[in-house]
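Notes follow once the structure below has been shown.
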Amino acid sequence: MKKARDLNLLLKTTRRISSTPKMDPSDRYCFSPILRWNPEVENYFIKAYGADHFSVISKALTRPSSYSCVRVNTLKSTSDAVIEKLLKIIKEKGFDGDCHGKEGSEPDENLGSPLEESLKKSPIVKCQIPGLEYVLFVKGSGPHVIDYGYVPGAPPKEVIVSRKCAEAVLRGAQVFVPGVLACSAHVEKGDTIAVSVAIEQRSPNGGWASGMTRGTVLQGLQTDPYYFERNGLYIGQGTTTMSRAGLFRASEGIAVDMNDRVFRLPSFYDVLEGEIFLQNLPSIVAAHALDPQKGERILDMCAAPGGKTTAIAILMKDEGELVAIDRSHNKAQVIQKLAFEMSLTCITTYKLDALKAIRQRNETDDINTNQSSNSLRFHDEKASSSTTEGFNSDKTCKDNVSNAIEDGGTYVSKADIRKAMRRMRNGPGRNQCLGGRVENSKGFYPDSFDRVLLDAPCSALGLRPRLFVGEETIDSLKRHATYQRRMFDQAVKLVRPGGVIVYSTCTINPGENEALVRYALNTYKFLSLASQNPRIGGPGLVGSCEFPDGRTEEWLRPGEENFVQRFDPSSSLDTIGFFIAKFSVGSKDV
């Protein structure tokens with residue numbers, strides 16, 4: 001079986017070599033990716049944007065933004081204090097020089113001119129949009145030209161990483177062991193190595209895969225698997241932290257320490273936990289568009305990983321009730337931990353499928369889904385808060401846990417006591433706090449929320465950098481849109497008359513954006529588009545699109561385009577692709 005597979009690979013490689021024009025091998029060591037779209041999807045987007053504009057969008061999607069956007073937790077710190085700390089961290093990590101670019105780098109074409117001028121003076125600046133002064137921009141640089149040390153007949157040592165790993169590296173991450181697919185022979189710890197990416201290819205069964213067996217040995221020659229496909233897909237150079245054997249034996253850890261990157265963006269992993277949150281600018285704008293007020297009851301329907309949830313809580317000054325739901329327990333727990341880390345108490349998290357968010361009023365069960373009754377969480381919070389009081393021994397920890405149990409009047413197992421004791425010793429943090437399970441919920445009564453945010457699961461065709469989009473088809477985009485409409489129906493039932501719904505996605509697909517708005521306004525006559533503040537995105541798309549099967553997709557009508565915000569990844573704002581629509585809810589009796 002293995003021999004047959006190897007023979008097929010050899011034949012495939014031979015055909016590829018014979019059909020590919022010869023090129024200068026040194027030219028392949030660069031970063032110039034081209035997004036390969038499904039032809040029907042590409043034609044659809046060309047109809048929506050025009051061929052030239054869509055080409056520019058596609059190129060922008062392959063690159064990260066030229067800056068990182070950081071949201072300051074104003075309940076725990078100030079923008080000035082965070083800037084001072086970040087400048088020190090950036091200098092210590094050696095990013096202060098990179099932030100202004102280096103010789104051999106290309107200019108930043110997309111960075112908006114006011115922001116670009118500010119970042120020339122300092123690597124970190126405050127957002128100048130009124131109301132968003134707590135948002136900080138941290139300058140990056142790139143794309144940089146990297147010398148991989150190619151010598152004719154002696155290609156550089158190389159590792160190939162998965163596409164998802166490469167996209168993370170382009171955003172500032174290191175190369176971790178699970179992301180490595182293939183490696184040159186005779187690689188030792190401390191070697192300088194080029195890093196390239198394997199993009200998914202169509203497999204014989206109709207799916208998509210890298211087509212590369214993990215542990216493949218590379219020679220840097222045209223006989224290597226997907227040699228030509230890697231042309232223009234080199235993302236940087238780094239130093240190996242282990243030998244080739246170690247790369248494929250280890251299960252975790254950093255595999256390559258990236259010290260020369262195509263794009264250089266400061267990493268904020270585990271930096272100033274609780275004080276800052278790395279978040280895309282349009283996501284922050286979406287929280288502002290909801291306009292949450294102190295004392296209100298608000299629902300975040302698809303809340304994980306909690307960025308918008310915590311942004312809303314801070315805008316509410318942590319006063320009121322903010323319910324965050326997600327159908328995955330693990331994802332819901334991430335929200336809960338993030339809220340604890342940021343010292344936000346108004347957030348209540350539940351495991352709940354947004355498609356089953358409505359609870360019928362004729363139910364007779366006595367479970368109160370509108371309030372948290374997680375006794376273990378009570379003990380965890382009490383235990384974590386006690387760490388600042390100087391518990392120095394297991395006996396002290398045990399006594400305090402026992403007191404918490406007596407106060408709560410609830411039995412807690414010895415295992416839970418041991419967990420609480422460990423949390424006291426370790427202190428609070430994203431990985432130590434709120435270890436209890438997230439409560440399940442049976443849903444919420446209709447008209448029970450003042451405001452609802454639906455940041456819907458989507459095709460994510462606006463996220464960047466993005467190196468692969470081939471799996472999306474017209475049918476898959478249609479399924480995304482159908483799923484979103486079902487969620488929106490739930491949101492409409494949950495919000496009270498006089499309330500607000502904000503709908504957002506991170507995709508450039510009009511079928512999931514403008515078409516949803518058209519559906520909402522046609523289906524629910526008591527909904528109307530509302531103005532948003534701040535307004536920094538562009539207008540929506542007006543018109544419609546007719547598909548080959550005769551189906552027509554309606555978008556916005558003239559006069560509606562300026563009520564929504566569409567963030568174009570190729571615009572001067574240099575953000576991800578994003579869409580925001582805000583609806584006012586009138587009397588449902590109409």
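Cβ from N, Cα, C; glycine included.
Positions annotated as active site, nucleophile by TrEMBL: C506. Sequence annotations record features per position, and here TrEMBL assigns S-adenosyl-L-methionine binding site to C302, A303, A304, P305, G306, G307, K308, D326, D353, D455. Residues or ranges marked as compositional bias 'Polar residues' by TrEMBL: 367-376, 384-393. What TrEMBL lists as domain 'SAM-dependent MTase RsmB/NOP-type' is 209-586. TrEMBL lists 366-393 with the feature region 'Disordered'.
Counting other Cβ atoms within 10 Å of each Cβ, the recorded positions C302, A304, C506 show the lowest value at C302. For the domain 'SAM-dependent MTase RsmB/NOP-type' (209-586), the mean pLDDT of the prediction comes to 85. Residue density at G306 (S-adenosyl-L-methionine binding site): 26 other Cβ atoms are found within 10 A of its Cβ, drawing on all protein chains shown. In this view, D353 (S-adenosyl-L-methionine binding site) is surrounded by 15 other Cβ atoms within 10 Å of its Cβ, with every protein chain counted. In this structure, the CA atom of D353 (S-adenosyl-L-methionine binding site) is 20 Å away from the CA atom of the residue listed as 'active site, nucleophile'. Packing around K308 (S-adenosyl-L-methionine binding site) is summarised by its Cβ count: 23 other Cβ atoms lie within 10 angstroms of its Cβ, all protein chains included.
The full span of the recorded S-adenosyl-L-methionine binding residues, C302, A303, A304, P305, G306, G307, K308, D326, D353, D455, taken as their largest Cα to Cα distance, is 19 Å. A gap of 13 Å separates the Cα atoms of K308 (S-adenosyl-L-methionine binding site) and C506 (active site, nucleophile). The separation of C506 (active site, nucleophile) from A304 (S-adenosyl-L-methionine binding site), Cα to Cα, is 14 Å.
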